[in-house]
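Feature annotations, reproduced from TrEMBL:
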type	residues	note
BINDING	B:2	Ni(2+) binding site
BINDING	B:73, B:76, B:89, B:92	Zn(2+) binding site
C-alpha cells in the first residue's frame with residue numbers, strides 16, 4: 001500500500017474554466033453579472049426592469065439558467081435582448097463549462113453587459129464561479145429577514161444585494177434592520193439596494209450604481 | 001445535485017492521479033472540507049459509490065477532515081475561528097473581517113495498492 005500526496009482542489013476544473021471565461025469577457029470589456037436568488041424572489045422581473053432601465057444606452061445580452069423550460073428566456077427575448085437558455089435538467093446551479101458552451105450562440109460584439117440568471121437556489125450557485133464580475137443576490141421581503149443568516153455564503157460572496165418587493169413590507173413580517181445588519185456582518189461594504197420592481201421605487205439607485213460599474217469596466 | 005458535480009470532479013481527479021502513480025486499486029481518499037461549503041458527506045459517498053463501481057476506486061473510503069470557519073480581521077489584523085457566521089472578530093468584535101478559512105474542498109492524498 002502506498003500513500004500518494006495530491007493536494008488538489010476538487011473544484012479546480014470549474015475554477016480553471018471560470019478563469020478562462022473571465023479572461024475572455026475582460027478582453028472584450030463585457031461586464032458580467034451572475035444573478036442569484038431563491039425561486040420566486042423576482043429575479044426575472046428584476047432583470048426585465050434592469051434591461052429596460054439600461055437600454056438604449058448599452059448593448060445587453062442574457063443567459064437564462066433553469067432546470068427546464070424557456071419561460072424566462074421568452075420574457076427577456078420580448079425586450080429585444082439576445083438571450084440563450086441553458087436547461088440544467090435537474091441540476092441546481094450553472095457551472096463555468098455551461099457558460100462557455102453557449103457563448104458561441106450569442107452575438108457578443110460590442111456588448112456592455114451580460115446577465116446570467118442562475119437557477120433559483122441560494123445554496124449551490126454560491127459554490128460555482130462562472131467567470132462573472134459581479135455576483136448579485138436578490139432577496140425578496142416575503143422570504144423573511146432570516147435568509148442572510150441562514151444562507152451566509154452567498155451573502156458573503158455578493159458584490160451587490162437587492163432587497164426586492166419592498167412594496168410588500170406592510171403585508172409581510174420582514175425586518176429591514178435585521179436583514180441589513182446580518183448582510184453587513186457577512187459582507188461589511190457590500191452595496192444594498194432596497195427596491196420594488198413592481199412600483200419602480202429604488203430602481204434608479206441600482207441602475208446608477210450598475211452604470212458606474214459598466215463605465216469603470218469599459 | 002450539487003454533490004453530483006463535486007463527486008464527478010473528485011472521481012476524475014482520483015482516477016487520473018491513480019493511473020499516473022501506476023496504482024491498481026484505490027483504498028482510501030483523504031479529503032479536507034471546509035465547514036462553509038455545504039458539503040454533505042452521505043450524498044457524496046452515495047454518488048461516489050455509483051461512479052466508482054467497476055473501477056479501481058470501487059470500495060474506496062472517503063475520509064473527511066473538516067476545516068473550521070476562520071476570519072481575518074482587517075482592523076486588528078488577528079485571525080479567529082468561529083462556530084457560526086455573524087460573530088465578527090473574536091478579538092476586537094469588529095465586523096470588518098474577511099473569510100480566511102472554511103471554503104476548502106481539497107483532496108489531500110489517497111492510499112493505493114500498487115499491484
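Using N, Cα and C of the backbone, Cβ positions are placed for all residues, glycine too.
Note: TrEMBL annotation is automatic and uncurated.
A map of TrEMBL features onto the structure.
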residue	record	contacts (Cβ under 8 Å, 6+ apart)
B:2	Ni(2+) binding site	B:38
B:73	Zn(2+) binding site	B:79, B:80, B:89, B:91, B:92, B:94, B:96, B:97
B:76	Zn(2+) binding site	B:89, B:91, B:92, B:94
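Same-chain neighbours of the Zn(2+) site beyond B:73, B:76, B:89, B:92, judged by a C-beta within 8 angstroms of the site's C-beta center, are, in sequence order, B:74, B:75, B:77, B:78, B:80, B:88, B:90, B:91, B:93, B:94, B:96, B:97. Contacting chain A by the Cβ rule (under 8 Å between Cβ atoms), the binding-site residues B:2, B:73, B:76, B:89, B:92 reduce to B:2. A simple Cβ count within 10 Å picks out one of the binding-site residues B:89, B:92 as the most packed, and that one is B:89. In the three-state DSSP assignment, the secondary structure recorded for residue B:89 (Zn(2+) binding site) is coil.
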